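The structure under discussion appears below in the form of structure tokens.
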Amino acid sequence: MMNQRPPMTGQRNMPFDGPAKGVGDNFMANAGSFPPHQGPSNAMANGPQQVQMNGVSSQQDPNRYHPGYYQQPKQPLSPKAGDQFQGSLMQQPSQRLSPSPHQPINSSPTPPDQQKQQFPPVSQHQQPPKPGELSQQQQPQSRPGLPPQQQQPQRPGGFPYQQTPSQPGGPSPYQQPQRPGMPPQPLRPMAPTQGQQPPRPGGGNPAQRYPPLPQGHTSGHQHQQMTQQMSNLNITSSQSQPSSSQQANLGSWPPQPSTTQVPFGGTPTTAPQPSYLGSQMQQPTNRPPGPPTMPSMPPMTQPGFPPQTSSGAPPMGGMTQPPMGRHNATQMQPMPGSYPGPQVSMSGPSFSGSGSAGLTSLSGPTLSQAAPPSGSSGAGMSHSALHSGRRMYPGHAPSQSPVQNQPSGGTTGMASHTGQSMYPGAPTMGGMPPTGPGQHGMGHPTPMNAPMQQQRRIDPDQMPSPIQVMKDDNDAFKDSPYLTSTRGRTPPLVTSNFVVQDDGNCSPRFMRSTMYNIPCNKDLLQASSIPLATVITPFAEPGPSEPSLRIMDYSPTGPVRCNRCKAYMNPFVQFVDGGRRFMCNICSYSSEVPAEYFCHLDHQGMRLDVYERPELHLGSYEFVATKDYCKDQKMPGAPAYVFMIDVSYQSMQCGMVRMLMKELKEVLDVLPKEHGQEASSVRVGFVTYSNHLHFYNVKGNLAQPQMMVVSDIEDVFVPLVDGFLVSPQEARTVIDSLLVQIPLMFGETRETETVLGPVIQAGMEALKAAGISGKLFVFHSSLPISEAPGKLKNREDRKLLGSEKEKAILTPQNTFYEKLAKDCVANGVGVDLFLFPNAYIDVATIGSVATLTGGQIYRYSYFKEATHGEQFRGDLKRNLERNVGFDAVMRLRCSTGLRPVDFWGNCYMNNTTDVELAVIDPHKAIAIEIKHDDKLPEEGQAYFQCALLYTSVSGQRRLRIHNLAFSTCTQLSDLFRCCEMDTFVNVASKQGAIREVYTSTPKAIRENLMNQCAQILACYRRNCASPSSAGQLILPECMKLLPLYTNCILKNDILLGGSEMSSDDRSWLMRTVMSMDQAASVPYFYPRLFALHDLKEESSGLPAVIRCSADRMSENGVYLLENGISLFLWIGLQVDPNWLHQVFGVQTIGQVDIEMTSLPVLDNPLSTRLNEIIRLIQNQRQHYLKLTVVRQRDKLEGWFKHFLVEDKGVNPVAHSYVDFLCQMHKEIRNLMN
């Protein structure tokens, strides 16, 4: 899977002294589905061959496997009441009862008569209802030991957190979200306004009292004591323009004498650090002109201005206001005593060259609230009020609307505390009960009821959204082409639809870098903690409206190169001495221009033929190689494909052989060919095997194919050369006859033991004897346990996955297949494995032969034609028809002062510079880390040149060149301004995750990735952000999604996959991700989620993508999720029956066939539109995606929810996006301190 680098053995004597071999394949097979038990076939074989039966191997029960590449995840445990960190930031349900965001909200004060009706006078035996309580007449029946619950109308269950008969105790959509295992929280009425008598401490009906408050919060008696101890906390993300900045206040925290600290990854311990609880997110608001002034309320103040007072109330002493938010900024008001949640704000670095970067200037009046005093709850604002643009006033209900109209996820009826004075005897804040007998108080922390914790959570809408980032980037490049020579900015994201215009730099489809301003020295790079790396996809396909690469033939002399570093002619060389010499941009050496290449210069020093030669004005191009670039000074022949088919008992019984023979008749017509060729030049050969090998002579002049058996598998040999590799066009009749006879000849076989090593070795020897390169297609079904080279033993132990000993089963059990792969690479032979296992097959060991040769692995667990047939057919066809390069060598040259030091991908390294692959296709990518070995010139340029030497499908030896120029920088602010997240995600998953699995422990890997994320953001905060509160988390604009993508990697199965999946599943995923390019890795770690229930039939293309969270889904919706490996169609229980009828032809959701792997094609516009969407998605991916239909509350729903990466996973370390962002905030604060 990864490059294998032996000790330095010296430079290979390559004639071209340059390009290096290869790149890894990122193809992958879809997860298998849940198969029924396979039984032996009763079909009789009419073939002439009789094979002695050695006994049928015992079949393991297939029902123990999950339909996916891992089993059904366990249901999450109910969090404990004291689990403040993980349980506090619950996701809000998607259904809300708040008015429309565009509906006007009445924010006028409540008349006194209405106030008296809401809060009856206090009597001797009854106190007025506390905020959040109901009157005694309204109090519903409560369960013993639980606080009273608000009676709500019953509604059908939904997704998620909704009450149904199958989910007893779940809240309805009219209730506020509840944490599992926590008592429900009733909706609270609005806080009393001025003139109403406050409740007495300890008063009220004892049956209506709240449960005790948790530690870390104080009672109402401590308001004045803790007023001075508040600090405002925010998360800030950086932008370059003020108009695009965002700021969201995630909360404030009062340091308390007896609060708790939640250590990183641990349990709370006594410390002056507050515990982490949820916060209420506030939306940006607009202050209407001339708002009415509330009596007894001081207006809001801004730092730097004298406090302003209003008649009726003096300004509250000791209570400071946070800075006014910028225009369109967002602020989140925290809950007191909670962890100081960060405030998100995007700002750009200062480009003045001073080395510091500050937040963009604040503009426009926005709502700014001071933190409420200790012991009180933060003032929550209803979403309707926030979206209406009306200003909120302290002691004033958001809209004076009935309580039941408040949003279910917010803090309803809570008063805002901006500038609110606290008087003796003032009412406690909503949701906080007064101190009384039997309750904590008098300076001691009081527990807080669980529903309050989730009500005060952070609104994920205010976190940096990948969907919004992708949309903005796509809008920026959809109307005009991207000019590759643009400096000082990052290229379009891989998720954007853009057209590339090559004007000197190569297309970002071929090469991308983690940064586009390269530091001049290694100290600056190390301080940033960002790896300098490039991900190269040298064989990538151009866009639909982009031209193919130009091919130049400079035979017999070959292309012009630098005499010192051997770099190839490119647009960045400088011609001097009247055009007789050129200065190399890589090493600055002056070389003489060959006489046949000479041309005069114009007055600007440019050649007169600059636009006549592609290598002088384009970033990517190709040269025809001469004999000096070929082995043994001999031009290669056309490559060949050899199909090696397992015909053992298991392969025959599952139907794989029969289906493969049928499909090969069709796919042989789509073999790759050069542009302009009428027919493909690729030749084909066939081998079948079980515990012996059978070669077939399919020469075109034969009447019937001839079979030759090789029984000596200890020392295999090729029994024939002439007639083994043939052109499909010339020998089509004989080939078709063979494909018909193979299922008949082996239909009655009882051979259960198979070999694999001798099979691959024999195929390699056949191609070597023919003197050509090629690829082996191996269709294999079981663990090779037969007595032969490459024999393996069953070592499956799922319990080791996720433990410190997991590398024992994720590393190869011997080196046989690695050595075999090296021999294949030396002979230009690639291997693709198509696996059809019913049990353990040891992908970790046999997969090496595919990954080291640049091939790929497909898996179809418990293969069944009805379930996997369409997927297998699509994968085979796409593999055979795509353009492929053979016997490839790739080398990356960098400017003086830089050098490549490490390589990741499906490739083999024979030395420290050349990347070797037997085959390379458009989806293989190689990641290369680059380090400094000297200083770069300040305010200068740095250059990369990638040279790929390969053999085309027509047998022509070629050189493909990609050039990329960068600016250099001396300031961290310039570095952070031009970082590219898509490449960073790809590099981090390969360097920091997959490679470390073989040498480190899962815990250490997670800590390293989180530490890297924290170090990067802390560096930006320390060196590029303007001075601000310690509670602010500054996120660079280009890297504001860094916490999200880091969390997605940490939660992914390549790291977190435990005993719920097999070791084969885990090994296959790791090897698949290792070969991915950015276009595949980004959607893999953050899947795409589409809503299909509200499609417009007249629209075209893909629908809009929504965020990957259960909060974005509803029970009456239908959603399509894909990550490049899996494709799900989730159907809610309350979906429109008319929609079901148009798409599936049924009336109820129970009639939907969940075994289908593709949608039926019906004669209506909706069915046509949905099939078009799925077809568009499948065409964007490198292999065929098998559709999995999931109905709400089906067993497979847990598998589907696993891919909702913004939500909390079932694993305790699988944090939600909000939780992880706040955890990063704590880590950064620790680094800053």
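Each residue, glycine too, has its Cβ placed from N, Cα and C.
Under the heading compositional bias 'Polar residues', TrEMBL lists 39-62 (among others).
Annotation comment: TrEMBL describes 85-127 (among others) as compositional bias 'Polar residues'.
The compositional bias 'Low complexity' annotation in TrEMBL covers 132-179 (among others).
The compositional bias 'Pro residues' annotation in TrEMBL covers 180-189 (among others).
Marked as compositional bias 'Polar residues' by TrEMBL: 216-236 (among others).
The compositional bias 'Low complexity' feature in TrEMBL is assigned to 237-247 (among others).
The compositional bias 'Polar residues' annotation in TrEMBL covers 258-280 (among others).
The annotation compositional bias 'Pro residues' is assigned in TrEMBL to 286-306 (among others).
Here TrEMBL flags 312-325 (among others) as compositional bias 'Low complexity'.
Annotation source TrEMBL lists compositional bias 'Low complexity' at 345-387 (among others).
The feature compositional bias 'Polar residues' is assigned by TrEMBL to 398-421 (among others).
For 559-597, the entry in TrEMBL reads domain 'Zinc finger Sec23/Sec24-type'. Residues of the same chain lying 6 or more positions beyond the ends of the domain 'Zinc finger Sec23/Sec24-type' (559-597) and with a Cβ under 8 Å from any Cβ of it are 16-18, 504, 552, 605-607, 615-619, 623, 893-896, 941, 943, 945, 947, 959, 961, 963, 965.
Residues annotated as domain 'Sec23/Sec24 trunk' in TrEMBL: 638-880.
Annotation comment: TrEMBL describes 885-968 as domain 'Sec23/Sec24 beta-sandwich'. The average per-residue pLDDT of the prediction over the domain 'Sec23/Sec24 beta-sandwich' (885-968) is 96, rounded to a whole number.
If you look up TrEMBL, you'll see 981-1082 marked as domain 'Sec23/Sec24 helical'.
Summarising the annotation, TrEMBL assigns domain 'Gelsolin-like' to 1102-1173.
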DSSP says what for the domain 'Zinc finger Sec23/Sec24-type' (559-597): how many helix, strand, coil residues?
6 helix, 11 strand, 22 coil
Using Cβ distances below 8 Å and needing 3 or more such pairs, separated by at least 6 in sequence, tell me whether the domain 'Gelsolin-like' (1102-1173) contacts the domain 'Sec23/Sec24 trunk' (638-880).
yes
Which residue counts does DSSP give the domain 'Sec23/Sec24 beta-sandwich' (885-968) for helix, strand and coil?
0 helix, 56 strand, 28 coil
Helix-strand-coil residue split for the domain 'Sec23/Sec24 helical' (981-1082), DSSP-based:
73 helix, 5 strand, 24 coil
The correct DSSP tally for the domain 'Gelsolin-like' (1102-1173) reads 22 helix, 12 strand, 38 coil
